[in-house]
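Asks: My questions will all concern the structure given below.
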Amino acid sequence: MTRVEGERTGLLAQEDLLGMSLLTVLVFLVYSAVLVNSFGVLDDYNFLYNAIRRNNDTVTLLLGAGRPLNAYLLDWGFRAAGSIEGLARLRAITLLGFALLASGLFVFVRRHGLSLVASFALAAGTVLLPSFQVYAAWAQHFTTPYAGLLALVAAYLLSLAYSPAGSLRMSVACKSALLLTMAVLIYQPMAMIFAVGVLISVVTSRQPMREYGFARLVVTGVVFAFAMVVGFVALKIGQHYHPNGSARYGLVSDFSGKAKWFFEEPLPNALSFFWVPVSKWGVWAVAAVMVLGYVGYARKHGMRQGGYVLIVSLGVVLVSYLPNLATAENWASYRSIGVLACALFTIAVLLAFVPLAGRLGMGDENRPLNARVALLAAVLLCLSVTAAGRVSRSFVQPNLMEINNLASLFKGRTDQPISRILIRPSSWMDSAANPVLYDEFGMQSSLDDHRATVIVDLARLSLNRFQGAELVPIAHDTPPGMAVGTSDIYVDFPALDTAGRFRSIRSHLKAPLSP
């Protein structure tokens, strides 16, 4: 990989600015459905409810999770959103974060010598991964890409921490540690993208063992350890004052069970890249390509350099999923494997796809871009259409149908005063979700008594109807069509979630909610 300089405008080459602009357009086009529809997903409704009721449940929950910065950012964000319609503004902030993160990754690899096309492919492919589709649809993840951006900048600063003479610039290393710590205190899983930045610095080195040797790895480890220790202390303090019995806040004790689970669920999910659900053939194909890439790298650079890169890569894969490996809970949600998938995708691009393009004569920067751009455009078009369709089918449509049908039900009751609203929650069986995909793809939000009641309360506040009615949750296994009083409304979420969509009620969801 050769470093290519273009005509520069300030600190960036003109083609770099073009690449960043195209990445921004790509992000907003692919995920546009989350901006033009009014809906929430699962915990979005809880956070919005906490905000309009002016309670501290959101802050308390996230302080207990060891995310103090995220606690106050999320509370502020949902208060600013103020309504179900306002959640689209939070998702817009998420997409802006995607654009910045993709642009940062693009510039990062460009600065490390990767070609324009390969850099764009890596950055664009990253923000099209299934985990990012989850982040785009859930308003609560509006801070997540910024945690990744801080961590990526920390990794880039660390790559500059050594002078050409080999001496450590301590101030630069300290700035890197500070940025990474901030990322950890926002969202630990995404902060691990720091390790991906380190991986890029190592793999793109002409002589990794000399340019990113043991001393630099030690400094990297110290920076990373500092941030993780601060994050661990924040978690312990949070659990002391705001205890939570969930296994996700306890440390793992069954190490063999955790290792077995890692190879059975998170790793295959991440190796599937863009396949949802997991494709076994896809996993084996990706693994085979990566192995061949390592073999080719070792043959070109020698076994010692190849072995060093292999060890670093394996370490990065483990570190990229460290927050989840360290906890007692085994829950391989797609939102938790984002950086793991990014790390594996980066390895595949740098060690397999880029060398393969070179062998095919497509990696020469001196040749016309036409063939490379056409191939990349075709691949990205397929991935973009897949991502956009999945977000629409699995997130927007189920939740939009649910809230629209609920609001239409309320608007249709104008005959007499309502004293009670009976609420029957939905379940896994009422959705299009595959249980293997956890609580993400294809799932509507009314999954239990609490969530269903919150959605009903928000809907009646949005419509300013039935404020004095008592909210009465009933069991999901209650037979459908139960008899209700004339002054009752029966909200049967399983029926609402499978019924045809009523007319849009977006205009009724714009008004800020008040308790």
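Even glycines carry a Cβ here, placed using N, Cα and C.
From TrEMBL, here are the annotated features:
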TRANSMEM  17-39  transmembrane segment
TRANSMEM  90-109  transmembrane segment
TRANSMEM  115-139  transmembrane segment
TRANSMEM  146-165  transmembrane segment
TRANSMEM  177-202  transmembrane segment
TRANSMEM  214-235  transmembrane segment
TRANSMEM  273-295  transmembrane segment
TRANSMEM  307-325  transmembrane segment
TRANSMEM  337-357  transmembrane segment
TRANSMEM  369-389  transmembrane segment
Asks: Please indicate, using numbers and ranges, the residues of the same chain that are 6 or more beyond the transmembrane segment (273-295) and have a C-beta under 8 Å from a C-beta there.
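Replies: 128-130, 306, 309-310, 313, 334, 341, 344-345, 347-348, 351-353, 355, 383, 386-387, 390, 434, 436-437, 441.
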Asks: I need to check the long-range neighbours of the transmembrane segment (214-235): which residues 6 or more away from its ends have a CB within less than 8 Å of a CB in the stretch?
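Replies: Apart from its flanks, the transmembrane segment (214-235) reaches 65-68, 154, 158, 161-162, 168, 173, 176-177, 180-181, 183-185, 188, 191, 194-195, 198, 249, 312, 319, 322.
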Asks: At a threshold of under 8 Å on Cβ distances, which of 115-139, 177-202, 307-325, 337-357 pairs most often with the transmembrane segment (369-389)?
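Replies: Ranked by Cβ pairs under 8 Å, first place goes to 115-139.
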Asks: Between the stretches 17-39, 115-139, 177-202, 307-325, which one has more Cβ pairs under 8 Å with the transmembrane segment (337-357) than any other?
Replies: 115-139
Asks: Are the transmembrane segment (177-202) and the transmembrane segment (115-139) close enough that 3 or more Cβ pairs fall under 8 Å, when only pairs 6 or more apart in sequence count?
Replies: no
